[in-house]
């Protein structure tokens, strides 16, 4: 009886070994097309349908407005090229996190992780999903605003669905991204083609004397860039999933070189299209620029615009969740967050705990609902870390000369981007001083308390709580540690 039981157990073990995956590391399943789709899909979200009004309000004229949009595209491309060097030099997922770790050590990396995980990423995810739910629910409440309860429930449902999709499969998450990118490019193409047709028909009145009435100041230029770059935010997103990219030395720079100029061209042409049917004053008075454009140009098929804008926002939310989950995964792997957050699903080979954690935090942000001002103030923290990361590229040119650099940009590019990032951080403070900026800095620095208490000096009582919690979550979610950290 005992021999039979032992034989059966050995057979079961052999069967399990033959069916289980050979590795529990993240799989390289994303090609060049998927990489471009993640960049385009994450950048073209709700921003281009909201930011034109804010950029115009700071420039006060059509000409400077279009120049700002082009300049934002150039800055995003330069920044992305710097990130391409970083991404091929340090081929780890997590974007800025491993770069700051290599350049400046664990404390700046932890502060970036702290700010991103608890504020920047989940707030952006929540805001995008709230925008999606407003566009989806508005047709059912003609003539009035949708109830906040309906908007919040729809946004929470969107977060739940997107989180589940990305936790279940890398391939499924990228497939959803590809589908929604195709859908959003349809509405972008509709707006651009309609605008070009109107332009060819002679609707150029709003472009005459396009610099008249311009009253620019340092603060106004900074805020215009601030709002324009909010629409471009996501230019660095492909670096978060470097480990899962096939042939990253080739596909990462190609995806950047193709993706960001494509977005820049689309943004400029979309703004030109808006100005073919709206004066600067009318655009500033519009509640939803793209919807106003659709009502004037596409009627009676104007319902297409809010529908495809909803597709655009859900695509951006999916890209945000896809990449932020990898940031949480790397933070857990480095010991800066709970270890279970770095574990990988045995069956799905995805960082499921990290993605679920991100979804929970984003859902919490939906409860107050009105977090636009919070996201705006913490966006300046994002550019602080962009500048710090790219300055790290300059530092590593001298301190880490031994690292291989398949892509090497002229050093003047990271220097210029670092200076522009400093300008973008200081400009809103100079033009509109507010206590919220101080609160933001204090919140970022408060991460140091948690770092020294729970990361640098690990107290015994904290370990007694975290170890059984990790064990139970590991059994519940069927996740295991990665076999070895990628070099």
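Residue numbers in this text run from 1 along the chain shown.
Glycine too: its Cβ is placed from the backbone N, Cα and C atoms.
Annotated region 'Disordered' per TrEMBL: 1-21, in sequence order.
As annotated by TrEMBL, compositional bias 'Basic and acidic residues' applies to 1-15.
Taken from TrEMBL, the feature transmembrane segment applies to 30-49 (among others).
What TrEMBL lists as transmembrane segment is 61-86 (among others).
For 107-133 (among others), the entry in TrEMBL reads transmembrane segment.
Under the heading transmembrane segment, TrEMBL lists 153-170 (among others).
Beyond the transmembrane segment (182-201), the same-chain residues lying 6 or more positions past its ends with a Cβ under 8 Å from any Cβ of the stretch are 40-41, 44, 48, 266, 269-270, 272-274, 276-277, 290, 293, 297-298, 304-305, 308-309, 311-312, 315. Summarising the annotation, TrEMBL assigns transmembrane segment to 182-201 (among others).
Look at TrEMBL and you will find 213-232 (among others) tagged as transmembrane segment.
Under the heading transmembrane segment, TrEMBL lists 252-270 (among others). With a threshold of 8 Å between CB atoms, the same-chain residues lying at least 6 positions outside the transmembrane segment (252-270) that come near it are 32, 35-36, 38-40, 43-44, 48, 52, 66, 69-70, 72-74, 76-77, 80-81, 83-84, 87-88, 188, 191-192, 195-196, 231-232, 235, 238-239, 242, 245, 407.
The transmembrane segment annotation in TrEMBL covers 303-329 (among others).
Here the transmembrane segment (349-368) has long-range neighbours at 21, 24-27, 117-118, 121-123, 125-126, 129-130, 152, 155-156, 159-160, 162-163, 166-170, 173, 321, 324-329, 332, 340-343, 473, 477, 479, meaning same-chain residues at least 6 beyond its ends whose C-beta is under 8 angstroms from one of its own. Annotation comment: TrEMBL describes 349-368 (among others) as transmembrane segment.
Taken from TrEMBL, the feature transmembrane segment applies to 380-399 (among others).
Summarising the annotation, TrEMBL assigns transmembrane segment to 411-430 (among others).
Feature annotation from TrEMBL assigns transmembrane segment to 436-455 (among others).
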> Which listed stretch (61-86, 303-329, 411-430) has the most C-beta pairs under 8 A with the transmembrane segment (153-170)?
Replying inline: 303-329
>> If you count every Cβ pair below 8 Å, which range out of 30-49, 61-86, 213-232, 303-329 shares the most with the transmembrane segment (107-133)?
In response: 303-329
>> Give the nonlocal contacts of the transmembrane segment (213-232) in its own chain as ranges (CB under 8 Å, at least six residues past its ends).
In response: 43, 47-48, 50-51, 54-55, 58-61, 63-65, 68-69, 71-73, 75-76, 260, 263, 267, 379-380, 383, 423-424, 426-428, 430-432
>> If I count Cβ-Cβ pairs under 8 A between the transmembrane segment (30-49) and each of 61-86, 303-329, 380-399, 411-430, which range comes out on top?
In response: 303-329
> Sequence-remote contacts (6 or more beyond its ends) of the transmembrane segment (303-329), Cβ cut-off under 8 Å?
Replying inline: 38, 41-46, 49, 93-95, 97, 113, 116-117, 121-122, 124-125, 128-129, 131-132, 135-136, 138-139, 158-159, 162-163, 165-167, 173-174, 176-177, 180-181, 183-184, 186-188, 190-191, 234, 237, 240-241, 243-244, 288, 290-291, 293-294, 337, 341-342, 351, 354-355, 357-359, 362
